[in-house]
Every structure is written in structure tokens, then in C-alpha cells.
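What TrEMBL says about this protein:
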type: TRANSMEM; residues: 12-30; note: transmembrane segment
type: TRANSMEM; residues: 42-59; note: transmembrane segment
type: TRANSMEM; residues: 71-88; note: transmembrane segment
type: TRANSMEM; residues: 94-111; note: transmembrane segment
type: TRANSMEM; residues: 118-140; note: transmembrane segment
type: TRANSMEM; residues: 160-178; note: transmembrane segment
type: TRANSMEM; residues: 183-200; note: transmembrane segment
type: DOMAIN; residues: 191-329; note: domain 'O-antigen ligase-related'
type: TRANSMEM; residues: 206-223; note: transmembrane segment
type: TRANSMEM; residues: 230-249; note: transmembrane segment
type: TRANSMEM; residues: 313-333; note: transmembrane segment
type: TRANSMEM; residues: 345-361; note: transmembrane segment
type: TRANSMEM; residues: 373-391; note: transmembrane segment
Amino acid sequence: MKKSTLDYKNLPIWTQSLILMLLFSSIFELTNSTLNSFGNKAIQISLILSLFIFIFNYLEHDFFNYYIKNLYIIVILYLFSIVISMILNKDYNIQLLLQITSVFSFIILSIQTKWNKISLIILSSVIGVSTLLLFSDFRFSDFDYNGTVAFKSIFNNPNGLAIILFCSTYFILLTLYYLKNKFYRTFMLVILILTIYLVFQTHARSVYVSFFIVILMLLINYIKPKWVYYSFFLSLGGGLLFLLLYIILPGSELGNLFNTLSLKLFRKSFFSGREGIWNELWTHIAEAPILGHGISTDPNYIESIGTSAHNQYLQIILESGFLGISLFIIFLYQLWLLLRKNQNHFTGMLSSAYLIAFIFYETFEVTLFQNNFNIGLIQWLIITMGVKIIDPKKDGDCTKRTSIK
């Protein structure tokens with residue numbers, strides 16, 4: 001019998017809390033401290049656990065749901081295109097294939113999970129304490145802030161810290177909206193202010209833009225809800241337009257104008273070197289445009305590039321060609337349609353806003369898959385938590401206003 005509505009799985013609170021804590025712990029992989037190896041292990045455990053829980057639920061509890069059948073189809077086709085590319089390029093990286101499969105397992109698992117309010121409280125509390133520690137590091141360490149140095153604390157680079165802080169604001173906003181305890185709400189409001197302040201000290205312009213997009217999306221949803229649907233296409237189109245212009249503008253009059261404005265506003269050049277990387281990537285993409293060079297292809301090891309692609313879409317095209325990127329965009333669109341069905345509720349509205357921000361953010365970075373599984377899993381969690389059919393008669397889920405007891 002077909003399931004025409006989304007059937008949620010009540011994972012035990014300890015399981016939900018374990019998954020969330022593992023995701024949080026995995027960000028230590030981005031640090032230059034002794035916790036780096038701990039973070040790396042947390043990523044691997046998160047991926048293995050996601051795949052195991054997905055398989056277990058599928059075999060034992062009829063996990064397949066007709067409501068999200070299109071997602072299953074697109075995921076299967078996308079993985080199939082990767083396998084074909086692997087075979088043609090003799091790139092038999094089975095470990096990476098399993099990791100990508102685990103990410104998709106996590107996405108589907110998260111969509112069909114009713115996240116409990118206690119899990120949200122635990123995660124937001126950990127985020128709150130961590131933010132206070134970061135702020136203390138900023139204020140009381142020997143960090144020499146003079147308006148030009150970017151704050152990164154124990155992280156390898158300020159951009160990594162910035163996107164983690166940006167993602168944390170999603171859970172802070174959920175907590176502020178759904179929980180009624182005045183003391184806890186005041187605490188989380190302070191944490192939100194500190195988080196935004198720390199983001200600005202990282203000088204991560206891509207995250208500045210992401211914040212602007214979230215605010216703009218929430219305003220549009222309030223003023224003209226019907227316009228929200230088209231934001232998906234505008235964000236993809238805007239990212240593509242930026243990519244093309246960024247390559248051709250250096251040295252032009254318009255490019256010099258943008259560079260001058262950027263130096264005045266951010267004390268940073270508008271052109272960060274990505275223009276050369278992206279231009280070189282197109283040369284390699286042209287060599288295998290349909291199915292790409294295989295999932296092991298890493299621009300860091302291409303002699304003429306020697307660094308990350310700094311663009312999720314170009315990275316996917318490089319690995320699995322235009323077939324792969326087409327299927328990936330369709331996958332994002334299917335998620336977008338699921339979120340659109342929940343636009344009248346805060347969780348769906350907030351997840352939609354962050355999805356659009358992530359779509360544009362990926363124009364500058366590679367975080368959804370291979371390069372940064374830690375950030376990627378958190379991003380996917382944010383997106384999928386908004387895919388809900390809310391039953392106001394039922395208590396206990398984090399899509400209903402409640403008080404902390």
C-alpha cells in the first residue's frame with residue numbers, strides 16, 4: 001500500500017542525541033588542535049551510523065516511503081552516474097562512494113525522523129557553551145585584532161569557523177521560537193548576538209552574504225510568500241552568473257570598481273584568486289564533460305591548480321560531469337518542493353531560507369560532500385529538519401512551541 005504522507009520514525013532520544021553530538025564533535029576536524037583526529041573519527045562514525053540506521057530501518061520497518069519516492073529515484077540515478085564514471089575512469093574509490101552513499105542515507109533518515117525537543121535543547125545548550133568559549137578566546141587570548149586580522153580561534157582558517165557559526169544560528173533561532181522558558185530564551189538571544197559578532201570578526205564575506213540571504217528570504221516569505229518559490233532558481237542563476245562574471249571581470253573597468261569597493265568595505269580584494277582556479281577547472285572539465293574524471297578527482301593534486309575548487313558545482317562537474325550536476329540540481333529541487341509544502345510553519349520557512357543561502361554559499365566553497373563531510377552533514381540536517389508534516393495535536397517534536405520542564 002502506498003504511503004501518500006510522510007511517515008516519521010521516532011528514533012530514541014539517546015539515538016538522536018548521539019547523532020547530533022557526533023555531528024557537533026566532527027567540527028573539531030577543522031581545527032589545528034589535538035582534537036583534529038577526534039573530529040575525524042566523529043565524522044567516520046557519523047557516516048557509518050547513518051548508513052547502518054538507514055539499512056536497519058529499511059529492512060525492519062518498511063522505511064521506503066512513497067511520499068519521497070522522487071528523492072530515492074534521483075539518489076539512485078546520481079549514485080549510478082558516479083559508478084559509471086568510476087568504471088570509465090578506472091577510479092575505484094569504494095570508500096568515498098560509501099561515504100557519499102552514507103550522506104544520502106543521512107539525508108533520507110533525517111527527513112523521516114521526528115526530532116525531539118529534548119534533542120534540540122541539548123544541541124542548543126552545547127552550542128551556547130561553545131560560543132561563550134569562543135568569545136572568551138576572542139576577548140582574552142593574545143589575538144591581536146586591529147580590524148584587518150581575521151579571527152579563527154583554534155580552527156584552521158576563519159572561513160571554516162564562520163560557516164560553523166552561521167549553521168549554529170539555525171538551531172539558536174529554532175530554540176528562540178519554540179521554547180517558552182524566559183531565562184533560556186534570554187540566554188540563547190545573547191548567544192545569537194555573540195555568534196553574529198564573532199562571524200563578523202572572521203571577515204568571511206561569503207557568510208555575510210549568506211546571512212543577508214536568510215534575512216531577505218524571511219522577509220519575502222512574510223511580505224510576498226508566492227515569490228519564495230522562484231528564489232530557488234534565482235539563487236542557482238545568480239551563482240552561475242557570478243561564476244562567469246568572476247572569471248571575465250579581472251582587469252576590466254567594472255572589475256576594478258568592485259575591487260575598490262571591496263577594499264573600502266572589507267579591506268579585502270574582490271578577487272581572491274578563485275578566478276584563476278575556476279578558469280583552469282573549466283579546461284579540465286572540457287576534457288570529460290559528460291561523466292567527469294571520477295569521484296577521486298581533487299584539484300589539490302592537479303599541478304596547475306593545487307588547491308580546492310572553491311565551488312561545489314564545479315567540483316561535481318569535475319567528478320561526474322554535467323550528468324552528475326544535473327541530477328544533483330534535480331535532487332536539490334526535490335528537497336525544495338518538500339520544503340515548500342511546509343512554508344506555513346516556522347521550521348519549514350527557516351530551512352528554506354538556509355537552503356537558498358547554502359545554494360549560493362556553495363558558489364564559493366565545497367562543503368556539501370567530499371571536502372568537508374563535517375560541515376556538509378550539519379547543512380543537510382538544517383535543510384531536512386524543515387521537511388515536516390506538522391500535526392498540532394501531537395506533542396514532543398521540535399516543530400511545536402513548548403516550554404522546558
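Placement of Cβ uses the backbone N, Cα and C atoms for every residue, glycine included.
TrEMBL labels come from automatic prediction, so no person has curated them.
In summary, the transmembrane segment (94-111) lies against the transmembrane segment (71-88): three or more C-beta pairs, each 6 or more positions apart in sequence, are under 8 Å. Here the transmembrane segment (12-30) touches the transmembrane segment (118-140). Their Cβ atoms form 3 or more pairs under 8 Å, with each pair 6 or more residues apart. Beyond its flanks by at least six residues, the transmembrane segment (42-59) meets 9, 11, 15, 18-19, 22-23, 25-26, 28-29, 98-99, 101-103, 105-106, 108-109, 373-374, 377 of its own chain at Cβ-Cβ distances under 8 Å. Within the same chain, the transmembrane segment (118-140) stays apart from the transmembrane segment (71-88): fewer than three Cβ pairs sit under 8 Å, each pair at least 6 residues apart. Over the domain 'O-antigen ligase-related' (191-329), the average per-residue pLDDT in this prediction is 88. For the transmembrane segment (71-88), the most Cβ-contacting stretch among 160-178, 230-249, 313-333 is 313-333 (pairs under 8 Å).
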